[in-house]
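S.K.: The structure under discussion is supplied below as structure tokens; questions concerning it will follow.
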Amino acid sequence: MTQDEMKKAAGWAALKYVVPGSIVGVGTGSTVNHFIDALATMKDEIKGAVSSSVASTERLKGFGIPVFDLNDVDTLSVYVDGADEINATRDMIKGGGAALTREKIVAAVADQFICIIDNTKTVDVLGTFPLPVEVIPMAREYVAREIRALGGNPVWREGVITDNGNIILDVKGMAITDAKQLETQLNSIVGVVTNGLFAHRGADVVLIGTPDGVVTQQG
Ligand code: 5RP
């Protein structure tokens with residue numbers, strides 16, 4: 001089974017968490033693209049979606065699924081999104097697709113975070129995947145120095161501008177044993193918009209595509 005087939009299995013498995021008649025929070029990435037394809041098969045049973053990126057919005061609209069502005073929506077029963085790494089307590093690194101800020105905002109509104117991944121994304125300790133940090137452009141070098149002082153090695157993702165007009169620093173070389181603490185520390189650096197640690201709001205349910213089928217983990 002290829003990695004993409006495992007992503008597809010996880011994406012389609014998330015359909016059963018979609019509440020008929022509701023608005024669905026939709027993340028970003030290749031695994032989520034499979035979820036959007038699946039969601040299109042029940043588009044007449046949902047009100048629509050709130051999207052975390054321009055790319056996902058375009059895909060949703062391409063299927064005729066209405067996309068709502070988050071400001072017009074009070075509640076979301078589920079938010080479905082992928083991850084770059086996830087540990088046993090369901091803390092995640094996200095933002096490989098540079099959509100971390102909108103992902104974190106939509107996830108904050110949702111009652112349940114359904115994480116869809118293939119089996120290469122599970123880790124004992126977060127940090128092998130470089131941790132994305134979205135930064136206001138003029139603060140890039142200041143934030144980089146502050147992150148170096150915390151022991152990380154920030155690398156500017158040159159050529160990438162987020163949907164919010166900001167830049168991304170990918171932080172290498174950190175073995176993240178206290179994800180909540182580091183999430184808070186990074187957020188307190190002036191110029192940081194968001195960091196890709198999803199620990200204060202981790203996943204509630206994890207659907208892992210494996211060669212033997214989809215494995216479900218939850219607290
Ligand atoms: C985008 C994300 C994605 O969820 C993460 O990068 C996983 O992507 P993929 O499903 O393509 O492996 O956080 O910002």
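Using N, Cα and C of the backbone, Cβ positions are placed for all residues, glycine too.
Found this in TrEMBL, in case it helps:
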type	residues	note
ACT_SITE	GLU103	active site, proton acceptor
BINDING	THR28, GLY29, SER30, THR31, ASP81, GLY82, ALA83, ASP84, LYS94, GLY95, GLY96, GLY97, LYS121	substrate binding site
S.K.: What is the Cβ neighbour count of ASP81 (substrate binding site) at a 10 Å cut-off, with all protein chains included?
M.R.: 30
S.K.: Among all protein chains shown, how many Cβ atoms are found within 10 Å of the Cβ of LYS94 (substrate binding site), not counting that one?
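M.R.: Around LYS94 (substrate binding site), other Cβ atoms within 10 Å: 30.
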S.K.: Please give me the CB contact count at 10 A for the residue listed as 'active site, proton acceptor', counting all chains in the structure.
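M.R.: The answer is 31 other Cβ atoms.
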S.K.: I'm trying to understand the geometry here, so how far is the Cα atom of LYS121 (substrate binding site) from the Cα atom of GLU103 (active site, proton acceptor), in Å to the nearest whole number?
M.R.: 18
S.K.: List, in residue order, those binding-site residues out of THR28, ASP81, LYS94, LYS121 with a Cβ under 6 Å from any atom belonging to ligand 1.
M.R.: THR28, ASP81, LYS94
S.K.: Can you grab the distance from ASP81 (substrate binding site) over to GLU103 (active site, proton acceptor)? Cα atoms, rounded to a whole Å.
M.R.: 8
S.K.: For the substrate site (THR28, GLY29, SER30, THR31, ASP81, GLY82, ALA83, ASP84, LYS94, GLY95, GLY96, GLY97, LYS121), what does the 8 A shell look like? I mean other same-chain residues with CB within 8 A of the CB centroid.
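M.R.: Neighbours within 8 Å of the Cβ centroid, excluding THR28, GLY29, SER30, THR31, ASP81, GLY82, ALA83, ASP84, LYS94, GLY95, GLY96, GLY97, LYS121: GLY27, VAL32, ALA99.
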S.K.: Let me know the DSSP-derived helix, strand or coil state of ASP81 (substrate binding site), please.
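M.R.: Looking at the DSSP assignment, ASP81 (substrate binding site) belongs to a strand.
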S.K.: Using a 10 Å radius around each Cβ and all protein chains in view, which of these binding-site residues has the most neighbours: THR28, SER30?
M.R.: THR28
S.K.: Around ALA83 (substrate binding site), which residues of its chain at least 6 apart sit with Cβ under 8 Å of its Cβ?
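M.R.: Non-local contacts for ALA83 (substrate binding site): MET92, ILE93, LYS94, CYS115, ILE117, LYS121, PHE198, ALA203.
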S.K.: Expressed to the nearest Å, what is the distance separating GLY96 (substrate binding site) and the residue listed as 'active site, proton acceptor' at their Cα atoms?
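M.R.: Approximately 12 Å lies between the Cα of GLY96 (substrate binding site) and that of the residue listed as 'active site, proton acceptor'.
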S.K.: Across the record's substrate-binding residues THR28, GLY29, SER30, THR31, ASP81, GLY82, ALA83, ASP84, LYS94, GLY95, GLY96, GLY97, LYS121, the largest CA-CA distance in angstrom?
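M.R.: Overall maximum Cα spacing for these binding residues reaches 16 Å.
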S.K.: Between SER30 (substrate binding site) and GLU103 (active site, proton acceptor), what C-alpha distance do you get in Å?
M.R.: 14
